Amino acid sequence: MFNKILSNDRYATNGKYNPDIDLNTGHIIRRYGYPSEAHYISTEDGYFLTLHRIPGKSKSSPVLLQHGLFCSSAHWVFTGPKNSLAFVLADHGYDVWLGNYRGNIYSKAHKYLSTSDSKFWEFSVHEHGIYDIPAMISYITRLTKNNVTYIGHSMGSTGFYIMSILRPNIASRVQLMFSLAPVAYMNHLNSPINIITPITSNLSMMLHYFGEGEVFPLNNAVMFFSRYFCNSGAIAHKVCSIVLNMLSGFDKSQFNDTLLPVIFGHTPAGTSYKVINHYNQEIFSGKFRQYDYGSEQNLKVYNSTEPPDYDTSKISVPMVLYYAENDFLSDVTDVLKLSKELKYLVDNYKIPFKKFTHLDFLFAPQAPQLFHKRLLQTMKKESLMQQTEDYSESLTLCKFTQFELLLFYKFSLISQLELGFRLEL
C-alpha cells in the first residue's frame, strides 16, 4: 500500500519532479556529472559501514565529511553543485569521502548480528567515536597514504571529539578538523526539545520498555508519513516545514521549500535508541560525558556510579568551530565553553547572518558565501603551513645527514692517514 501511495509522491510543491528524492547517494553524485565510488569497510567490533567517495586526481588531499543525527552521506550532496559542500570541495580538487555512521540506511550490516537482533542496536554516540570514525580514517589514510581533513556536522562533530580524546593514535592522522554546528555541551539548548525534556525522559523509559532497538528508520512507513503527508497540500507542507524548523531554528530566507520533499526523502535515515538517549542524558546532566547506564551498571562499566566526562582539553587536532546565533541545537554559549577548553583552536567563527540555523550549514543557498569560502581558505592556509613544516623537517634531516657524512668522511680520512702512517713505519 505504501509503495503505491509513494509512487505518486515525487513532486515538489512547485510541481516539478526532483529525482534526488528516490536516488541513493552514489546515484545523486553521478546525476550531477561527478565520478562516484562506494567503499565498504568494517569496524573493530564487527559493523560494516559504507563510505561514498567523489575521487579526486592522483595525490589530491582527502577530506572526510561526517553527517549529523538522522542524516546520511546523501545530505552532503542533494543541494547540487555550487551549493553542496561535497561538490564544492570536489571542484577545488579535493578527494571527497562521505561517511555513514552505523545504523543508518547505508550502514546496517554486521559480521554476526542482524538488524532484527537487539544487540545490533546497542550503541550510542560513544561507539561512533571509538569505532566508526577510527575505521573510516584508518581506511582512507591507508588507501590514499595521506592524512585527512575532517568536516563534521552536529553529531559528526560529537563523534570526532570522542575519537580524538580516546583514540589519539587515530587522531594523529587528521591534519585539521572543522566543526559545523558543534555539539558537545548542551546546557543551553534553545530547541523546543529542551522544553519537552520531561516528555523525552518518559519516551526514553517507553523505548527502554518496548525495546532498545532502531529508531526512525528510513522505511516505507516513515516515508508515508513524511513524504506523502508533507506533499499532500500547501497546509500539510507548511506544517512539515514548521516541524523541521522548530527542531533546528527558523530561517525562512535560507530555507528552500522546494527542497523539502528531497529532505524527507532521505530523512530520517535511522539510528539507535541509545544514540537518542545519550543526547537526552547530555541535556539533563549539562555535561559532555559517556553513556549513563545507571549507578549499578556504571559501577561495573566505569568503576564509578557516574559516567566519566570526556576531557576536551586532550584533543590535539587543530580545530575550527563554525557556529550560528540562531542554531537551536548548538547554542553559542555552549560552543564558547567548548572553545575555551580546546588547546589547538585555529578558528572560532560565528556565521555573520543572525538567522542562520542548524540545517543551514547543509542546505542554505548562501552557504558558499557565508562559510564555504572561509573554510576553503583555511584549508589552503593550513595545507601550506603543513608543507612548510614538512619542508623544514626535510631540510633539517638533510643537514643532519650531510653533517653525518662529513663526520664519516673526516674520520674515514683520519683512519686512512693513520693506517698509511703505520704502514710506513
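Cβ coordinates are placed from backbone N, Cα and C, and glycine is handled just like the others.
In TrEMBL, annotation is done automatically, which means it is predicted and not curated.
Features as listed in TrEMBL:
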- Ser154: active site, nucleophile (ACT_SITE)
- Asp327: active site, charge relay system (ACT_SITE)
- His358: active site, charge relay system (ACT_SITE)
- 27-78: domain 'Partial AB-hydrolase lipase' (DOMAIN)
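Mapped onto this structure are the features recorded in TrEMBL.
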residue	record	Cβ neighbours (10 Å)
Ser154	active site, nucleophile	26
Asp327	active site, charge relay system	29
His358	active site, charge relay system	25
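Cα separation, His358 (active site, charge relay system) to Asp327 (active site, charge relay system), rounded: 5 Å. Between the CA atoms of Asp327 (active site, charge relay system) and Ser154 (active site, nucleophile) there is a gap of 11 Å, rounded to the nearest whole number.
The residue listed as 'active site, nucleophile' falls outside any helix or strand according to DSSP and counts as coil. Under the three-state DSSP scheme, His358 (active site, charge relay system) falls in the coil class.
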